[in-house]
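What follows is a set of notes on a single structure, which appears directly below.
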Amino acid sequence: MYNLRNRSFLNLLDFTSKDIKYLLDLSINLKKSKYAGIEVQKLKGKNIVIIFEKDSTRTRCAFEIAAYDQGANITYLGSKGNQMGSKESMIDTARVLGRMYDAIGFRGFSQQTVECLANYSNVPVYNGLTDISHPTQILADLMTIKEHKGSLKGIKIVFCGDGRGNVANSLLKGCAIMGLDFRIFAPKELFPDPDLTLKARSLALESGGKITITDSKEEAVKCADVVYTDVWVSMGESNWEDRINLLKAYQVNKEIMCMAKDDAIFMHCLPAFHDLNTVIGKDIFDKYGLDGIEVTEEIFESKNSVVFDVAENRVHTIKAIMVSTLG
C-alpha cells in the first residue's frame, strides 16, 4: 500500500504530485467513511502533541477532531503552556517531545522552528502554519476544488491580494506541482519572491500547469474557475491604513466574480472580514467605508462561496496526513 510512513509534512515542495494525489484521495475516502459511519480507527494508542504559538480556531479543532476520530490521544500546548525558546531550547524541546509522542503538530511564527522540531524529534512533524508556509491549508483547498470541479488538471485559480503571504506562497507551490493554471492578482510591491516564482514555473512546466503573476485584473481573473483571497493583515498587526490603500483595488467583489466563469467558486482560508460583526470589520467600515475588507458580504454569502466546505475539509486532510504517516 502506498504510504508516507514516518514522513514530516513541512513544505509542499517536499512532496511529488503522486504524494499529494494520494493524500487527496485518502482525504476524500476518509470523509466518505466518516459520513457513512464506517470509519476505521488506525491510530489507536498513538499520542500526538500540537504546539500553537499563534491561536487558531480551525487548525486546532481540525487537529483534535482528526486525532479523536482515529482513536489517537492529543495534547494541546498553547503559547503560555510550554517553555520552548525561553527556559528550554527548541532542540531540547524537540528531543523531549520525540520521546513522549508519536507525532508533533506546530503552528507558529517561523518555518525554522517547525524544521528544527522535525530535525531533532525523530517523529513526524506537521506544519499547521508558519510565516512562509501553510501546507495543510492548501491540501484542504485542493480537496475542495476536486470535490466541486471533479478534477484539478487545467483548473484556473486566481488569488487576489497579497502575493507574498504564506497562503499565496503555498498555493503557488501546490498548484504548480498539481498542474493547475494559477494566477496571482496583486500590486507589484506584493508579488511573490522571484526565486519561488521561478521554482513554481519550473514545476508547472513538468506538471502541465501555468503560473501568472500580474497586477492586471483582466489577465488574472478572466475565465477563472476559482477565486481565492485571504486577510490583508495578519492577526495582531495594526497597519490597516497602508494595507487598505495598497490592496483595496484587489478586493473580491461582484465585479471580480463577474469576470470569472459563471460557475466559479469563491474560496477563503478564514477568518474573513466580510461584514460588520467583528471589532475590526466595524472599525474599518467606520474609518474607510469599505463593504467588507478583502471580500464583500455579497460574495462571501453567495451561492458561489464554498468557504465552509474548505473549513470542514481541514479535518479530513489533516486526518489523511496523520493516517498516512502514522497508521
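Heads up, the Cβ atoms here are built off N, Cα and C, so glycines get one too.
Swiss-Prot has this to say about the protein:
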type	residues	note
BINDING	S56, T57, R58, T59, Q83, R107, H134, P135, T136, Q137, C269, L270, R314	carbamoyl phosphate binding site
BINDING	N166, D230, S234, M235	L-ornithine binding site
Query = What count of other C-beta atoms do you get within 10 angstroms of the C-beta of D230 (L-ornithine binding site), across all chains shown?
reply = 24
Request  = Spatially speaking, which of the binding-site residues S56, R58, C269, R314 is closest to D230 (L-ornithine binding site)? Use C-alpha to C-alpha, please.
outcome  = C269
Ask   = Which one of these binding-site residues, S56, T136, N166, has the sparsest Cβ neighbourhood, judged by other Cβ atoms within 10 angstroms?
value = S56
Task = Work through the binding-site residues one by one (R58, H134, R314) and point out the residue whose CB has the fewest other CB atoms within 10 angstroms.
result = R58
Query = Name the residues of the same chain, 6+ apart in sequence, whose Cβ is under 8 Å from the Cβ of C269 (carbamoyl phosphate binding site)?
reply = H134, Q137, D141, V167, D230, V310
